[in-house]
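K.L.:
Could you have a look at this structure, given as structure tokens, before my questions?
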Amino acid sequence: MEKRARFKSAWLPYALVTPQILVTLLFFFWPAAQALYQSVLIQDSFGTTSQFVWFDNFRDLFNDANYLESFKTTAMFSIMVAFFGLSLSLILAVFADRIIKGASVYKTFLIWPYAVSPVVVGVLWLFLMNPTLGVIAHALRNIGVEWNNLLNGTHAMILIVMAAIWKQISYNFLFFLAGLQAIPKSLIEAAAIDGAGPVRRFFTIVFPLLSPTTFFLLVINIVYSFFDTFAIIEATTHGGPGKETEILVYKVFQDGFRGGDLGSSAAQSVVLMVIVITLTVLQFKYVERKVQYS
Amino acid sequence: MIERRPILDLISHLMLILGVAIVAFPIYVAFVASTQTPEQAALAPISLIPGDQFFQNYASVIVSGASGNVSVPPVARMMWVSLVSALIIAIGKITISMLSAFAIVYFRFPGRSLFFWMIFVTLMLPVEVRITPTYQVISDFGMLNSYAGLTIPLIASATATFLFRQFFLTVPDELAEAARIDGAGPMRFFKDVLWPLSRTNVIALFVIMFIYGWNQYLWPLLVSTEQSMYPIGIGIKTMIAGGDAAIEWNMVMATLILAMLPPGLVVVVMQKWFVKGLVDSEK
């Protein structure tokens, strides 16, 4: 779509885009180019000398068992966050869509974890699940589960998954609810007249019509678990025990800032960038499709 | 609702109450812990009835950041840093995205599509994947431990630019033509026509961006090395850095409750705009 009515000025449009372009160049393009450049260099630990090594950093990276392990950890983590987060929010949204009285009250109570910052979420769940004094850890012990997220990798993973889901429920819930409310009531009424019960209606009509929303949320949730959960992990497990909860973003930080291995850290950033680009393209493909629907 | 099914209605309410309980329970436990003495908060299991230390605990974290074992700035100071940063980020993002969207929609100039493309690509460069070199840029500019360093790298926003672009495209052409015939220049048109029309979008975006700014963690972790520039999230993390025995959980929880109040209030009070901003900007 293009505007017919335009203003004419030789300099004004440039002045208007300058602030945005300056920030973009200085803090997006320049650093991204630096990351690309550093990813083909090896630097000594003081950063004084560096050597061009082609794709050695990448080769080392993909030959490094730790890195491959981190990929697996990230995949597991994001699949669990997306699957359980989406299921739980969908159930809540379906029930909230059903009832008329009080729906907005429930909505208000369900949406505010969105406002809680990831680091706060992390500390909160660390406290609840703390092996010695956490309320939930204690309850688990009473039913025979010896909870210890400091020593047990599976427990640590469950801890970060729960914290990440808790934070993301409100976001998924809002989108599912909006999606449900956009489904034409006439379709559902027709099915009801034909004798389809609520469960059948959900699986044959509602869920298929909700699939664009679900796909969109799936991408968003994967991006979220890849990138926005850094603070949750930093506050709870530090990637441990061992390296069992060290997801890719955490490893970039750990290797680059704590370990001083700039080449490897930059190569890891480049790999992450490729992942984001793929996910963004997927997202836009979806947007295109959705525009065609309407 | 299609048909009357009282039992299903009852189940719906029960499920939603359960959902709300799951969401609220962690916060309730945090609040309870924040009203207890350190000894009470370190009991296993902690009592789920609030203690009587509410005023003492909150007063002491706000004024002195009270933590015997780890030194942190007063919570009032850290909340101030968070507030100023969140405001600069929200207002900055809205301002620069609105101006560039205006230029891209209402002018045709050489480089227009290049600029549009450049802004678009930033969607794919989240701060997490460019932390080391961005840190380098900030440190070269001497912007460590400053509000500028905390905020400017986060100010560019492809999403906000797109949102405004989409909105401007729906504004009738006649308005701009009428303004031109009346002899109004572009900035006059922006100020008197576009700005008032965009108010809803601006408020909605402001809510989202304020929360985004308030909740930053990774970036301030790199940029704020002096305690006086710690935002609240870094402060909380510092309070639990001392190891299991040294943590004063009641103080940590009081700080945590305070840290989530401003963004929580913004979401609850501005719910309508918040939802609009979220659904619009992510479409």
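Cβ coordinates come from backbone N, Cα and C, glycine included.
What you see is a predicted model, and the numbers here were worked out from it, not measured in a lab.
Per TrEMBL, the features are:
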DOMAIN    A:71-283  domain 'ABC transmembrane type-1'
TRANSMEM  A:12-30  transmembrane segment
TRANSMEM  A:75-96  transmembrane segment
TRANSMEM  A:108-128  transmembrane segment
TRANSMEM  A:156-180  transmembrane segment
TRANSMEM  A:201-227  transmembrane segment
TRANSMEM  A:266-284  transmembrane segment
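For each feature listed, report its degree of burial, its nearest neighbours and the pertinent distances within the displayed model.
P.N.:
Same-chain residues lying 6 or more positions outside the transmembrane segment (A:12-30) and placing a CB less than 8 Å from one of its CB atoms do not occur.
Residues of the same chain lying 6 or more positions beyond the ends of the transmembrane segment (A:75-96) and with a Cβ under 8 Å from any Cβ of it are 103, 106-107, 110, 157, 160-161, 164-165, 168-169, 172-173, 176-177, 179-180, 202, 206, 210, 214, 217-218, 221-222, 224-226, 229, 245, 247.
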K.L.:
Looking only at the recorded stretches A:108-128, A:201-227, A:266-284, which one has the largest tally of CB-CB distances under 8 Å to the transmembrane segment (A:156-180)?
P.N.:
A:108-128
K.L.:
Cβ under 8 Å to the transmembrane segment (A:266-284), counting only same-chain residues 6 or more beyond its ends: which ones?
P.N.:
32, 34-39, 41, 57-58, 61, 67, 216, 219-220, 222-223, 226-227, 248-249, 251-252, 255-256
